[in-house]
Amino acid sequence: MSTESKCPFNHAAGGGTTNRDWWPKQLNLKILHQHSSLSDPMGESFDYAKEFKSLDFEAVKQDLRDVMTRSQDWWPADFGHYGPLFVRMAWHSAGTYRTGDGHGGAGAGQQRFAPLNSWPDNVSLDKARRLIWPVKQKYGRKISWADLIVLTGNVALESMGFKTFGFSGGRPDVWEPEEDVYWGSETTWLGGEERYGAQKKMQQPGDGTLVAEPENHANEESRTASGERNLENPLAAVQMGLIYVNPEGPEGVPDPVASAKDIRETFGRMAMNDEETVALIAGGHAFGKTHGAGPADNVGPEPEAAGLEEQGLGWRNKFGSGKGGDTITSGLEVTWTSTPTKWSNEYLENLFGFEWELTKSPAGAHQWTPKNGAGAGKIPDAHDPSKRHAPSMLTSDLALRFDPAYEQISRRFLNNPEQLADAFARAWFKLTHRDMGPLARYLGPETPAEELLWQDPIPNVDHALVDDQDVAALKGKILASGLSVPQLVSTAWAAASTFRGSDKRGGANGGRLRLAPQKDWAVNQPAQLAGVLKTLEGIQSEFNAAQSSGKQVSIADLIVLAGSAGVEQAAKNAGHHVTVPFTPGRADASQEQTDVESFSFLEPIADGFRNYQKGHYKVSAESLLVDKAQLLTLTAPEMAVLLGGLRVLNINVGQSKHGVFTDKPETLSNDFFKNLLDMGVEWRATSGANDTFEARDRKTGAVKWTGTRVDLVFGSHAQLRAISEVYGSSDANEKFVKDFVAAWTKVMNLDRFDLA
């Protein structure tokens, strides 16, 4: 008998066919249980903000400056300076952010983990992170990878002569890949067929003639710009594994005008307007080069597929030396300016100073070179001082010249370099800080003093706060005002549940529920909301006017307090006397401090906690519920207890009775779970789409309850049913109320970073 046949172990723990393999559409609750203490080596007592505040910030910056020009033989610096590589590293860390769901961005250092560490657009960034490992190693816990990556990009810009707008730390690392982010459904790198569906494919490359020449481009339409090309939400990249657009053009077609359409769509989904987009491209491409020294088949597997001996690196290149002048990254071989490690306006000067014709890189990728051999010898070689080149451009670069709106901005920046410098500094700061949330999270000596609208500013509290006696008195007035428990609870939920743990936006602080656009969202029942707010504002005015010591209560605080009063009253109705924890300190933002367009992305397309869905979607209602719970940073038990409690408190949008499995509404009982688990009823679908159901008494056939998919999933899904059985047990009443209050308080305080 052979040695192999004696061994009974063919697979390690966790291998084999999984539940997901058997049931691909099974509801995924794992996204609610990420980033726990079980995966965090720092321990639960670790306080990153405290550690960062003790950092010798200037010493870190000096160490990074030293790294910039200390070229390493194992990965030589282009032009003797790593600055452009580090700018790309920071850009690609932050540039995954998208407004639709707040996911992506630099805030958690996810570039270290799959899939981002192995995206085709991130080739060679594995080396960039290794180059700064000595700095990370030196300062250890005092600076996270997430902060260091962004800071390195800032220092790189400064070391190349650019004045940045500022830098703020405060991005604690996570220690595992984020499984909750939807990056697309394609199963091949650079695939785009799923995100564009069955839409018309781009035409094949033309003969290298620009779609629109300078003298008449405003009147000539791209052969593809008019075609239907709608990117799937919430994605903000045109192909799987790219940050934004294909630099060769849509689907590799070198059409600058069509490329502009993709650029506008993807950068817009990253919260950038046209001016910010032009500034980022023109500013970023003032530096460095792209790499396409040879055919892509010389490049080995990405980090996640590479062998153990590669130690987390990937894309080993067998072309020539595999590095330096033989580097293959994107397959494009473009250097934009003659001073690629020094800030200048030459990118725009070259863009408009030459006429361009299509050519190919040594790797066979579409790129552009000046016509008639113009510009020859203007550009230095990255590694061989004896060689010179002509400037070159990407299809996506030419979009800034041949798209009418981009061209107007680009020419203004060309003629006013100081405007480009200011716009790039501000856009770079926004790019690298967009997912950090409120200013309370910003740390460090270089945090800008200027208040920026995209930061969702909230005024500082400049008055004394209410004390326990005031809180009790205010709750009494609220409960005596005639407002019902559902009105109080639903209003507080509407305010707080806008929070997104992804980009730390939303929440009750700021009192923006009373402002556009939130006051007009259908999910918030505008007519009812207006009446509730009018009553609460009256209570606020009366209280504030009666104070002689400067004590005040904000409407933001009062909305949350009113919800707490409603929960306490509902618990009292069930025979439980509880006090919902309340911490004052919220402030009221103004309409002028609120970007209506930006806040529109926080409007929920579905809120299962209020049994609301705006439309019909491919994604199941229960999956949308889990997605909402994940954005609220809830665990599966917290999601369950909140939904079960909110159902019996009767806060459904439109006063729908779906899921209100109780004869005692406005009473905080565990009736939702008890009646859902009742075997005396039989559930049947009442719609062809299987999205509404009714429960009929097995003996009489009478309809007893109605519900939606988000209600029935708590009895259908095995894991959720197990949780429901805990809360539906006869001895669970007290635990249910206690857990509901804890989960409610968590949601009310999700945006209170000032309490951390």
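Each residue, glycine too, has its Cβ placed from N, Cα and C.
The range from 331-350, 371-390, 651-670 that Swiss-Prot describes as region 'Disordered' is residues 371-390. Secondary structure at H285 (heme b binding site), taken from DSSP and collapsed to helix, strand or coil, is coil.
Residue counts for the region 'Disordered' (371-390) under DSSP, split into helix (H, G, I), strand (E, B) and coil, are 3 helix, 4 strand, 13 coil.
Taking each of the recorded positions H92, H285 in turn and counting other Cβ atoms within 10 Å of its Cβ gives the largest count for H285.
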